[in-house]
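Here is the structure we will look at, set down as structure tokens.
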Amino acid sequence: MAPDLSELAAAAAARGAYLAGVGVAVLLAASFLPVAESSCVRDNSLVRDISQMPQSSYGIEGLSHITVAGALNHGMKEVEVWLQTISPGQRTPIHRHSCEEVFTVLKGKGTLLMGSSSLKYPGQPQEIPFFQNTTFSIPVNDPHQVWNSDEHEDLQVLVIISRPPAKIFLYDDWSMPHTAAVLKFPFVWDEDCFEAAKDEL
């Protein structure tokens with residue numbers, strides 16, 4: 001005997017209503033779940049208190065980084081400004097980037113290590129000392145590292161880069177070929193804001 005189509009239709013309608021109800025219940029319950037907050041602080045104020053800005057090492061030993069004026073945090077288009085403090089004896093990673101970079105030394109002294117961009121790898125770096133109230137520029141794509149060579153005092157620098165956010169290539173050592181350098185983009189201090197900006201599209 002063939003099933004009664006009206007009974008099948010009624011059963012399907014009941015099942016559909018049940019599933020729709022379950023779906024609404026799940027959506028309603030999900031709306032009460034905590035939402036993961038981004039630690040990205042966006043601030044387009046004309047005047048900002050640096051002491052109130054987020055500061056972190058971002059997993060880089062001996063570094064304290066503040067994005068004073070940035071592309072992702074503050075809407076900057078052409079330049080980005082960082083305030084960085086490097087502990088005695090510590091170094092930034094060996095890296096290069098396709099943007100201009102200018103350092104102004106506010107406190108302390110250190111050594112700039114500069115590798116070659118014209119060879120297959122950075123090679124033995126040139127060591128260039130610097131001290132408080134000096135400034136130095138990094139040529140585009142030249143591998144470099146900033147070292148607080150002082151054993152007692154922090155090194156504090158104001159850093160300005162062009163074309164933010166920076167695309168940074170990291171090296172394990174000075175003999176690593178340029179083609180093996182690893183792109184880190186977004187860089188560690190841009191990750192939260194980069195994800196938030198991407199999510200807003």
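Every residue, even glycine, has its Cβ placed from backbone N, Cα and C.
These features come from Swiss-Prot:
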- 1-38: signal peptide (SIGNAL)
- Cys40-Cys193: disulfide bond (DISULFID)
- His95, His97, Glu101, His144: Zn(2+) binding site (BINDING)
- Asn133: N-linked glycosylation site (CARBOHYD)
- 198-201: motif 'Prevents secretion from ER' (MOTIF)
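Looking only at other Cβ atoms within 10 Å, the busiest spot among the disulfide-bonded residues Cys40, Cys193 turns out to be Cys193.
Of all the Cβ atoms in the protein chains shown, 23 others lie within 10 Å of the Cβ of His97 (Zn(2+) binding site). For His97 (Zn(2+) binding site), the nearest neighbour among the listed recorded positions (Cys40, Asn133, Cys193), judged by C-alpha distance, is Cys193.
When secondary structure is read from DSSP and collapsed to three states, His144 (Zn(2+) binding site) falls in the strand class. This prediction places the mean pLDDT of the motif 'Prevents secretion from ER' (198-201) at 47. Counting other Cβ atoms within 10 Å of each Cβ, the binding-site residues His95, His144 show the lowest value at His95.
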